[in-house]
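Pulled from Swiss-Prot, these are the features on record:
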BINDING   Gly41, Gly42, Arg63, Asn156  substrate binding site
SITE      Lys8  site 'Transition state stabilizer'
SITE      Lys215  site 'Transition state stabilizer'
Amino acid sequence: MGKTIVFKCGGSVIRELSDEFFQNLKDLTESGWKIALVHGGGPDITKMLKKLNIRTEFVNGQRKTTKAVLEVAEMVLSGSINKFFVAELTKHGLPAVGVSGKDGGLLLADYLNEKEYGQVGRIKKVNGQMAEALMEKGFIPVIAPLSMTDGCETLNVNADLAASAVAAALRADKLMFVTDVKGIMKNEEMLKELTPEDIESLIAEGVISGGMIPKVHSAKEALTDEVEEVMIVSGKGSFLTKDDFIGTKIIKQKEAVS
């Protein structure tokens, strides 16, 4: 399939993506990269739940998804935020198709723990053919993190884990976690390359803190036999130069220097 890159954009960054970000995507497609996007939508879901007076709670950092919460999550993820993202891509000259993990049986899942988390899934299989077909025709699939069980029940899935699973199924060359910072910083300098061991040391030192901790843990867990390189990049500026990507690269291990 040529070179493939998967981007994961969190719900908090989608509405703040810069023109440079979209131009970078265009540059990548023009140089032969095939692109898939997976997005979240947490802040928009929270706003809509408040608007509709639907109570929600978090268990171990994960939103408990009752049937009422799932209806809202699907409305936001497959509806408003997905179509907003598609429109932004189209506006910047990037042909995009909005889908959810339910379409084409893209994401198949089992219940994570119905008693504790409700309608939340653990991805067990990715059917990448639909996404591959769209990319082969020059479209960017924009994927909302919803899934179906074997019995066709809808389950919400963590967007980071969905992006990781999609990247593995597509055998992507790179998986990019798009954030509001250009990478992981230490003493005002961006760290270019980290291993999982480096990440744990930097967390212990307090260099990586707050909202960046779950991001780096997701990036670290995304490293698999199929996905050997994950990057944390900015959606608020350029993440691409003529020669390379700008961001912090997370790899399994550094090559030995002979």
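Each Cβ is built from the backbone N, Cα and C atoms, and glycine gets one as well.
Shown on the structure are the features that Swiss-Prot records.
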residue : record                             : CB count, 10 Å
Lys8    : site 'Transition state stabilizer' : 30
Gly41   : substrate binding site             : 27
Gly42   : substrate binding site             : 16
Arg63   : substrate binding site             : 20
Asn156  : substrate binding site             : 27
Lys215  : site 'Transition state stabilizer' : 20
Residues flanking the substrate site, with Cβ no more than 8 Å from the Cβ centroid of Gly41, Gly42, Arg63, Asn156 and excluding those residues themselves: Gly11, Gly40, Ile45, Thr65, Ala73, Val76, Leu77, Pro145, Ala159
Cα-Cα distance linking Lys215 (site 'Transition state stabilizer') and Asn156 (substrate binding site), given in Å to the nearest integer: 19
Residue from Lys8, Gly41, Gly42, Arg63 whose C-alpha is spatially nearest that of Lys215 (site 'Transition state stabilizer'), among the recorded positions: Lys8
Local backbone state of Lys8 (site 'Transition state stabilizer'), from DSSP in three classes: strand
Cα-to-Cα gap, Gly42 (substrate binding site) vs Lys8 (site 'Transition state stabilizer'), nearest whole Å: 13
For substrate, whose listed binding residues are Gly41, Gly42, Arg63, Asn156, the greatest C-alpha pairwise distance in Å: 12
Pairwise CA distance, Arg63 (substrate binding site) versus Lys8 (site 'Transition state stabilizer'), rounded so that it is a whole Å: 19
Gly41 (substrate binding site) to Lys8 (site 'Transition state stabilizer') - Cα separation in whole Å: 11
